[in-house]
Amino acid sequence: MPSSGPGDTSSSSLEREDDRKEGEEQEENRGKEERQEPSATARKVGRPGRKRKHPPVESSDTPKDPAVTTKSQPMAQDSGPSDLLPNGDLEKRSEPQPEEGSPAAGQKGGAPAEGEGTETPPEASRAVENGCCVTKEGRGASAGEGKEQKQTNIESMKMEGSRGRLRGGLGWESSLRQRPMPRLTFQAGDPYYISKRKRDEWLARWKREAEKKAKVIAVMNAVEENQASGESQKVEEASPPAVQQPTDPASPTVATTPEPVGGDAGDKNATKAADDEPEYEDGRGFGIGELVWGKLRGFSWWPGRIVSWWMTGRSRAAEGTRWVMWFGDGKFSVVCVEKLMPLSSFCSAFHQATYNKQPMYRKAIYEVLQVASSRAGKLFPACHDSDESDSGKAVEVQNKQMIEWALGGFQPSGPKGLEPPEEEKNPYKEVYTDMWVEPEAAAYAPPPPAKKPRKSTTEKPKVKEIIDERTRERLVYEVRQKCRNIEDICISCGSLNVTLEHPLFIGGMCQNCKNCFLECAYQYDDDGYQSYCTICCGGREVLMCGNNNCCRCFCVECVDLLVGPGAAQAAIKEDPWNCYMCGHKGTYGLLRRREDWPSRLQMFFANNHDQEFDPPKVYPPVPAEKRKPIRVLSLFDGIATGLLVLKDLGIQVDRYIASEVCEDSITVGMVRHQGKIMYVGDVRSVTQKHIQEWGPFDLVIGGSPCNDLSIVNPARKGLYEGTGRLFFEFYRLLHDARPKEGDDRPFFWLFENVVAMGVSDKRDISRFLESNPVMIDAKEVSAAHRARYFWGNLPGMNRPLASTVNDKLELQECLEHGRIAKFSKVRTITTRSNSIKQGKDQHFPVFMNEKEDILWCTEMERVFGFPVHYTDVSNMSRLARQRLLGRSWSVPVIRHLFAPLKEYFACV
């Protein structure tokens with residue numbers, strides 16, 4: 001070991017002078033190289049590798065150090081716990097592997113061989129972060145190693161100076177200021193449709209996984225506490241704290257140890273650190289279970305509840321943000337604390353205009369105040385009405401009382417009474433809102449209980465049972481074991497609250513699934529198939545029938561559950577696959593088709609009496625000698641289908657007043673009926689004075705536009721906005737045209753609209769018209785599917801639909817000579833050009849000259865029952881004529897409805 005005495009002073013001075021000169025020469029060479037190649041960058045010796053957008057280029061005078069590796073390679077084992085690591089990275093301390101062909105390739109641990117002074121010593125492999133070389137502490141260096149140590153310091157200073165000049169040249173990743181990780185926020189709403197049953201199953205599964213993980217962690221903690229060895233204590237003391245990126249909501253918490261540990265132990269430590277870290281401990285309030293107001297762009301302040309990331313099934317929220325479950329729809333969002341307010345700020349956050357306009361907002365307010373009143377112990381007595389149809393008013397009254405209580409400051413307990421109980425602060429606890437009964441759908445279920453002690457009511461425990469357990473799978477298993485009757489369960493969702501039989505298959509159906517079936521049974525996508533499953537009116541993956549004349553779909557979940565495991569995969573492999581409605585067999589596992597399903601389906605829609613009304617007034621037939629010509633008021637007349645049918649039936653028409661705004665429709669009516677129609681323009685401009693002047697009327701007919709009512713339209717505005725409001729114009733003029741009291745002359749009316757409308761809109765229309773609709777599908781009397789609702793007081797509207805000899809029931813009967821139909825019936829023809837295409841493969845319905853072809857306009861007119869060339873006026877294009885037909889009525893259906901009028905009015 002060389003001495004460090006005074007005798008070596010002169011030699012040391014000479015060596016330092018040589019080192020200084022050598023360093024200056026290298027610095028000049030480096031400056032020349034940088035001026036010649038400004039894009040080349042020097043790589044630091046001993047710096048742990050990290051990913052960059054541009055790979056660094058090593059300079060010629062920089063020795064290759066075996067300790068310099070990529071991010072995935074371990075650091076030198078000599079590095080102590082004080083060495084800096086890239087933020088959020090976990091580097092295992094193990095022996096580095098030298099590169100093949102390097103001078104140190106044969107040395108263990110990368111140590112340089114004797115006599116090789118150009119190699120970087122192990123001390124040079126210390127961690128360098130942000131341009132600073134961090135030296136080790138607690139290690140003594142002998143005087144004999146002074147030269148190597150000084151040389152290393154000089155090299156580090158050179159590299160530091162070079163980095164100072166090139167700051168930012170390597171991109172954001174190499175500069176002092178790091179580019180923040182993008183924050184991924186989850187706004188309200190899911191990227192795809194998720195049924196309520198599927199979401200509940202996911203929540204239950206996440207809960208079970210969370211509880212299982214918590215048990216494993218508890219066992220691991222108990223085992224670690226029993227192992228009180230000194231080595232484990234050293235490991236725990238030497239472990240640096242876990243670091244988490246504050247800008248990344250999904251960055252995991254990692255734990256590091258100074259020495260390599262076994263794989264199992266590493267997994268234990270990582271799992272424990274990730275799961276045991278408390279949530280929302282940033283000192284900014286809003287803990288788990290608290291009721292809050294949250295603000296998202298485009299929405300009013302919306303009530304929600306702070307929940308754990310476990311419940312969302314996604315990643316942890318970043319510091320300063322919270323996971324919020326919104327009341328009303330039960331969806332999740334990450335919201336920063338600056339956009340949150342406590343529920344006690346009800347006066348400033350509650351928005352009365354949104355409450356009056358949006359049913360979902362009313363539902364959310366109801367649910368959050370139910371929870372708040374339960375926590376505060378505030379009792380709001382439920383209103384009990386003898387008529388179940390008035391339960392919507394009871395809900396409104398109760399909601400109004402709760403809002404007044406909230407606006408008054410949640411007295412007497414105040415904001416203190418809104419704090420969550422201890423059991424709701426558990427991050428693994430799932431929260432479910434009380435059942436909401438919409439005012440327009442209140443007759444479907446009784447109003448919810450007002451406070452917790454009333455859990456003995458019949459409705460709430462059943463809802464809890466459906467939510468908390470995979471009831472459908474369990475009940476189907478019991479049916480297979482002959483322990484339960486399938487008619488006693490809802491085969492659509494698994495509910496035990498069966499109110500009627502499923503119209504297509506053996507099994508029951510609950511009220512909620514009935515509402516879904518009424519909305520979705522006749523809702524079709526652009527490919528002509530049903531939008532949702534025939535059984536459950538849901539499903540994300542559906543199997544489409546291969547029969548060209550069938551348009552039904554079945555979801556994979558229902559098929560595997562009711563038919564048998566693996567049945568869906570077998571159906572996918574079968575090509576073409578005939579569904580369970582058009583297959584030859586009637587029984588497929590537990591799925592048994594009803595033999596009388598056509599009549600049951602018709603009665604399902606015809607007897608859909610959610611509201612009971614007085615039967616319409618029945619007029620006795622008028623003696624033949626006293627019959628007079630009919631006077632008609634036609635609103636939204638279209639192409640005068642009503643007048644055409646009356647003429648076909650031979651009924652004399654005295655006056656036909658029509659309200660229409662489409663110029664093409666008016667042209668068709670004027671030309672085809674020789675000016676016998678009196679057009680009066682926009683329906684909104686017709687007043688009561690006009691009705692008295694043009695009347696009296698014997699028949700009022702109309703069908704308002706369905707664009708904003710059909711649930712097929714994702715941008716629909718409903719009954720009270722857009723074109724949906726035109727229904728109230730029909731109601732207004734119908735009221736003005738009714739005979740006055742004491743006038744017993746026969747008076748009839750008819751209103752038509754689409755079947756695929758929301759249940760609430762249908763109920764509102766029925767409430768105003770004081771009549772329940774009948775559903776009639778034109779496929780029974782024509783070559784096209786066209787299901788429509790009809791409200792009215794025409795005699796015999798509920799009678800079976802029967803075709804006549806002149807009705808063209810097959811598409812082939814409607815085609816011109818030389819053209820072959822590929823389908824027996826076509827899907828509903830709308831104003832859109834692609835509605836002509838049929839099937840999942842979007843085939844044209846006609847085959848001509850060995851090619852597929854569309855329907856000609858004359859053929860579409862035959863499909864609707866119009867005379868040939870009925871719309872061929874004023875050089876209208878094919879698409880314009882299709883738009884007129886797509887908005888019109890089916891002539892055979894209107895003939896079926898108008899036929900009884902021959903007993904009341906004069907005929908030719």
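Cβ coordinates are placed from backbone N, Cα and C, and glycine is handled just like the others.
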### Message
Among C133, C383, C706, can you tell me which residue Swiss-Prot lists with the annotation S-methylcysteine?
### Response
C706
### Query
If Swiss-Prot marks one of S13, S59, S229, S389 as phosphoserine, which residue does it mark?
S389
### Query
Which single residue out of E612, E660, E663, E861 does Swiss-Prot record at the S-adenosyl-L-methionine site shared with D637, G638, I639, A640, T641, D682, V683, R684, R887, S888, W889?
E660
### Listed as phosphoserine by Swiss-Prot, one of S82, S142, S386
S386
### Task
Just jot down the residues in the same chain as C706 (S-methylcysteine), at least 6 apart in sequence, with C-beta under 8 A of its C-beta; none if empty.
N753, V754, M757
### Summary
Secondary structure of the zinc finger (489-519) by DSSP, residue by residue, totals 9 helix, 9 strand, 13 coil
### Task
Express the predicted model's confidence over the zinc finger (489-519) as a mean pLDDT, rounded to an integer.
85
### Message
Per DSSP, what is the helix/strand/coil residue tally across the zinc finger (530-586)?
### Response
15 helix, 7 strand, 35 coil
